[in-house]
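Sequence annotations record features per position, and here Swiss-Prot assigns disulfide bond to C21-C42, C24-C29, C35-C60, C64-C75, C76-C81 based on similarity to another entry. What Swiss-Prot records for 1-18 is signal peptide, and it gives sequence analysis as the kind of evidence.
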Amino acid sequence: MKAVILSLVAAFLYSGYTLNCRKCDETVCQLYWTCTEAETLCYILKNKTDTMGLQAIQGCAETCPVPEPDQEVKCCKTDYCNSYF
């Protein structure tokens, strides 16, 4: 009985969880962004030549973005894991 109750509590707590990521495009950055329930990944996409990460794009995604040949991408599944790499 105790296991059933713990399972129900865990399912209830997890059901409303949404991931939090850093969100940034070329001009505007928001350090704290709540993703939709469908967006289960954080990502950071940057040019390989941009060593400082000044033009990095960060955000939430349902699937990991496919980088262009001159880009790098990092996808992760924990809150605010999409820092500069």
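FYI, residue positions are counted from 1 along the chain as it appears here.
A Cβ is built for glycine as well, from the same backbone N, Cα and C atoms used for every other residue.
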Spatially closest candidate among C29, C35, C64, C75, C76, the listed disulfide-bonded residues, to C21 (disulfide bond) (Cα to Cα): C35
Spatial neighbour of C35 (disulfide bond) that is closest, considering only the disulfide-bonded residues C29, C42, C75 and their CA atoms: C42
Fewest other C-beta atoms within 10 angstroms, as judged across C24, C42, C76, which are the disulfide-bonded residues: C76
DSSP-derived structure type at C76 (disulfide bond), helix or strand or else coil: strand
Euclidean distance between Cα atoms of C24 (disulfide bond) and C60 (disulfide bond), Å: 10
C-beta crowding around C21 (disulfide bond), within 10 angstroms: 27
Which of C29, C35, all disulfide-bonded residues, has a Cβ with the fewest other Cβ atoms inside 10 Å: C29
Between C29 (disulfide bond) and C81 (disulfide bond): CA-CA distance (Å): 15
DSSP state at C29 (disulfide bond), helix/strand/coil: strand
